[in-house]
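Among the features that Swiss-Prot reports, NADPH binding site is placed at Thr27, Gly28, Ser29, Ile30, Ala53, Arg54, Asn55, Asn140, Glu142, Gly221. Feature annotation from Swiss-Prot assigns 1-deoxy-D-xylulose 5-phosphate binding site to Lys141, Ser167, Glu168, Ser192, His215, Ser228, Asn233, Lys234, Glu237; the stated evidence is sequence analysis. According to Swiss-Prot, the feature Mn(2+) binding site maps to Asp166, Glu168, Glu237, an assignment based on sequence analysis.
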Amino acid sequence: MNGYISPLPDAAWNSRFPRSLVLLGSTGSIGTSALRVVERQPELFRITALAGARNVRLLARQAAAYRPPHLAVINGNAADELASLLPAGYRPRIHTGQEGYEFLAALPEADCVLSAQVGAAGLRATVAAARAGKTIALANKESLVLAGGLIRRLCHETGASVLPVDSEHNAIFQALQGHDAAQMRRIILTASGGPFRGRDRTFLQSVTREQALNHPNWSMGAKISIDSATLMNKGLEVIEACHLYNAPLEKVEVVVHPQSIIHSLVEYNDGSQIAHMGTPDMRIAIAYCLGWPRVMHTGVEPLDLLSVGSLTFESPDISLFPCLELARKAYAGGNGLPVVLNAANEVAVDLFLQGAIAFLDIPRLIEAAMQAHDAAPHQNMYDEVESILTLDKTTRRVTADLAGARG
């Protein structure tokens, strides 16, 4: 696909089975779904490494089931606990910290690296995989939000490939197959609208953590569930689309589609639109990437159009859910603003989950952090990992200070 962020995997990789997998974030929602995909067709895959952040017991159970030679945990203090939970006679090499994740991402024997860490924490490992020329099944959208230009450059230097796991971008990727991207008129990202679609400001002022986590269609982790409720998830996906498909911002649109059956669409210059439809289950997109170009059995029930009945669409309410527009402004503004947007959002979401701020404070904090960044002098292009993560760290501190001042 011309203009795509990376070369596609070559013929040798396409035919390589069983395929050696490194799963970064194996204990999260995407990681556990990926292992369910592997379970159905174990002859096609070999688990080489598993990495988890906090759920050491689940990581130990996964490791006992697949016996990979490498494991990783973020917290070095958890390594001994993990080792103690493993079956007798099984002694994998246990890596720790971000360095451990980066080591796994670049393992010479790895055919495919699933980047499924949550948030900016996934950047270093994604970049390490790109530097090593790996095929990356990318679920960590923040890597592109923070460093899309850097990852594009690395992929074209090393031959690394990116296959998008996000359901929307996986849909677009599929809709572009066999077509010239130059003939694409626009990308249409669909959004469920989240749990608060149709609610008014009065209701949003007092929503609880539990209400915000209750997504109507998808089973997801806490952070992405809140991002869906604020529409920030869709804002991040707009930025992701621009990087993945080299699309101008004005060619990426968002439409609310409450049923989450159409996962996204591509419109071509002849007026036609190609949509990807399916049951809202992440195993479909995960299997598409892990098994590329083979279409695999996933265990997902096929879509029954008669049961679905009707599909509806509406415009997003930007006045109630300004995060979508903040993301557009961040991408258009450049100069590190996408990094600020993401870092401020991660801090604000965490504060909301702790009960420290209200739901409507999330976009207010993000906007305040972006304004503070705009007001400061800058001498950095934020196009390398260290400068990006320095800005990320600074923004987290500024956002926490802003939240304290508001409190």
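Keep in mind that glycine also has a Cβ here, set from the backbone N, Cα and C atoms.
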Translate the DSSP assignment of Asp166 (Mn(2+) binding site) into the three-state scheme.
-> coil
Spatially closest candidate among Thr27, Ser29, Ala53, Asn55, Asp166, the listed binding-site residues, to Lys141 (1-deoxy-D-xylulose 5-phosphate binding site) (Cα to Cα) | Asp166
Starting from the Cβ centroid of Asp166, Glu168, Glu237, which together make up the recorded Mn(2+) site, report each further residue of the same chain whose Cβ lies within 8 Å of that point, ordered by sequence.
-> Lys141, Pro164, Ser167, His169, Asn170, Ile172, Leu189, Asn233, Lys234, Glu240, Ala241, Ser264
Span of the recorded NADPH site, as the biggest CA-CA distance among Thr27, Gly28, Ser29, Ile30, Ala53, Arg54, Asn55, Asn140, Glu142, Gly221 in Å, is 22
With every protein chain in view, how many other Cβ atoms are within 10 Å of the Cβ of Asn233 (1-deoxy-D-xylulose 5-phosphate binding site)?
-> 25
Within 10 Å of Asp166 (Mn(2+) binding site) by C-alpha distance: pick out those among the binding-site residues Ser29, Asn55, Glu142, His215, Glu237, and say none if nothing qualifies.
-> Glu237
Same-chain residues at least 6 apart in sequence whose Cβ lies under 8 Å from Thr27 (NADPH binding site) = Gly52, Ala53, Arg54, Asn55, Leu58, Leu59, Gln62
Around the Cβ of Asn55 (NADPH binding site), other Cβ atoms found within 10 Å total 17
Taking the Cβ of Glu168 (1-deoxy-D-xylulose 5-phosphate binding site) as reference, which residues of that chain separated by at least 6 in sequence fall under 8 Å from it?
-> Leu189, Thr190, Glu237, Ala241, His263, Ser264
